[in-house]
Amino acid sequence: MDQTRNPSPSNNSSKISSSSRLLVLQSHLSTQKPTMASEKEAALAAAALPADSPTIFDKIINKEIPANVVYEDDKVLAFRDINPQAPIHILLIPKVKDGLSGVSKAEERHIEILGRLLYTAKLVAKQEGLEDGFRLVINDGPSGCQSVYHLHIHLLGGRQMNWPPG
């Protein structure tokens, strides 16, 4: 019997968890630009996962899935977003999550890595030729449209940004 069509009450929670994970993965692996609704759905689905769930970023850090890496040191990894929202769209992530799934989870022990991420964003922006300016974005929580719960900074540039954003 196909359980996705006729779910029994006992497998409902695993079905929800599986569908949530699928939505999150699809939103990050799709080569098509998602609609705003699917980004919101992915963010809500990701928020429903356990806080310590492995993320797509863990797989990129562990070289289990490929990424177009533009910068790497012992603390930070920066790579091109597969669904760019600007001519230059790079994600910067800490290589060790250490409970830092989002800015709202930051603690005093995270001060060094938070500063390191911002400084690295400046280095990568210069490397990418963004002398005229760029934007840094951090989505936090479901209402902030965060769909991967591993702190990450979006570095956007190569075009005129508008205000207000989203």
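Glycine is treated like the rest: Cβ placed from N, Cα and C.
Annotation source TrEMBL lists region 'Disordered' at 1-20. The feature domain 'HIT' is assigned by TrEMBL to 56-166. As annotated by TrEMBL, motif 'Histidine triad motif' applies to 150-154. Under the heading active site, tele-AMP-histidine intermediate, TrEMBL lists His152.
Outside the motif 'Histidine triad motif' (150-154), and at least 6 residues removed from its termini, the chain residues within Cβ reach (under 8 Å) are 55, 57-58, 81, 85, 89-94, 97, 100-103, 105-106, 117-118, 121, 135-139. Cβ neighbours within 10 Å of the residue listed as 'active site, tele-AMP-histidine intermediate', excluding its own Cβ and spanning all shown chains: 22.
The domain 'HIT' (56-166): residue composition by secondary structure is 29 helix, 24 strand, 58 coil, according to DSSP.
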